[in-house]
Amino acid sequence: PAGFHAGLLALFSLAYALTVTENALIVAVIRVSPALHKPMYVFLGHLSFLELWYVSVTEPKMLLGLAAPRFRRISFAGCMAQLYFFLALACTECALLGVMAYDRYVAICRPLRYPVVMSGRLCRLLAAGSWLSGFSVSLGKVFFISRLGYCGPNVMNHFFCDVSPLLNLACSDMSRAELVDFLLALLVLLGPLLLTVLSYGAIVSAVLRARSAAGRRKAFSTCAAHLAVVLVFYSASLFIYARPRAIYSFDFNKLVSVVYTVLTPLLNPIIYCLRNREVKDALRKAAGRAAWALGARS
C-alpha cells in the first residue's frame with residue numbers, strides 16, 4: 001500500500017540520515033581529538049567509517065524503491081556490485097569486531113604491556129588486515145554466485161541483493177556456490193567470533209580475580225558497549241548466513257536483515273558514546289569549539 005510505503009520511506013530516511021551523521025561525527029571527533037588517538041578509538045574510527053559506507057551500499061537504493069516503483073529495478077552488474085560491497089564491508093566488520101575484542105583483552109589482562117603490544121604499527125596492520133581480508137574473501141562468494149544461471153522471472157522478495165534471495169532465483173546447479181558461501185560464512189563469522197569469545201573469557205576471568213569492586217565495574221563498563229554490538233551483529237548474521245542451504249525469502253528474513261543493515265549501524269554510535277566518557281568529553285569539546293567558531297564568524 002502507498003501509505004505503508006510512505007511511512008517506511010520516512011522512517012528509513014530518518015534512520016539513514018541519523019546513521020550517516022552519527023558515524024561521520026565520530027570519525028571527525030576521533031581524528032581531531034588527541035585524547036582519542038589510542039588503539040581502542042582508532043578501531044572505533046575504522047568501524048564508524050566502515051558503517052558510513054555499509055549503509056550507503058543498500059539504503060539509498062532501498063529508499064528510491066520505496067519512493068517510486070520504477071527505481072526497484074537493478075541490472076545484473078549493479079546487483080553483483082551491490083552484493084560484493086555489502087559482503088566485503090560486512091566481512092570487514094566481523095574482522096574489526098574480533099580485533100577490538102583482542103584490544104580490550106590486552107588492555108585489561110596485560111595493562112602494563114598494552115602500550116608495547118598494541119603499538120601504532122600493529123594497530124595499522126590489524127586495521128589494514130581487516131579491510132583486506134573482508135574485501136578478498138567476498139570475491140570468492142560473489143564469483144560463484146555470478147556464475148550461476150538465472151532463467152527468470154528475476155524478481156527478489158528482498159530490498160537489496162543478498163546471497164539467499166539470489167540463490168533462490170538461480171535455475172542451474174548451485175551446490176558449489178552454496179557450499180562456498182556456507183564455508184566462507186563460517187570462516188568469516190566464526191573466526192572473529194572465536195577470537196571474541198576467547199578474549200572475553202580471559203577478561204571475565206581476570207575481572208573476577210580483581211580485588212577492587214571499582215576496578216571490576218570499570219572493566220565491565222569498558223567492554224559492555226563492544227559486547228552489546230557484537231551480540232546484536234553476530235546474532236543476526238549467524239541466523240542469516242551460517243546455514244548450509246539457500247534461505248527462502250520469508251518476511252522474517254527481511255526483518256532480520258533490517259536489524260543488521262539499518263538498526264545496528266544506527267545504534268552502534270549511540271551505544272559506544274553513551275558508555276564511554278572519553279568520547280562524550282571529546283564530543284562536548286568539539287561542539288564547544290564549533291560553537292565558538294560560529295560565534296566568532298558572526
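Any Cβ shown, glycine's included, is placed from N, Cα and C.
Database features (TrEMBL):
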{"type": "DOMAIN", "residues": "22-272", "note": "domain 'G-protein coupled receptors family 1 profile'"}
{"type": "TRANSMEM", "residues": "6-28", "note": "transmembrane segment"}
{"type": "TRANSMEM", "residues": "40-57", "note": "transmembrane segment"}
{"type": "TRANSMEM", "residues": "83-102", "note": "transmembrane segment"}
{"type": "TRANSMEM", "residues": "122-146", "note": "transmembrane segment"}
{"type": "TRANSMEM", "residues": "182-208", "note": "transmembrane segment"}
{"type": "TRANSMEM", "residues": "220-242", "note": "transmembrane segment"}
{"type": "TRANSMEM", "residues": "254-274", "note": "transmembrane segment"}
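With a cut-off of 8 Å between Cβ atoms, the residues of this chain six or more beyond the transmembrane segment (83-102) that come close are 40, 43-44, 46-47, 50-51, 53-54, 57-58, 126-127, 129-131, 133-135, 137-139, 141-142, 145, 160-163, 166, 188-189, 191-193, 195-196, 199-200, 226, 229-230, 233-234, 237, 260. Confidence annotation: the domain 'G-protein coupled receptors family 1 profile' (22-272) carries a mean pLDDT of 84 in the model.
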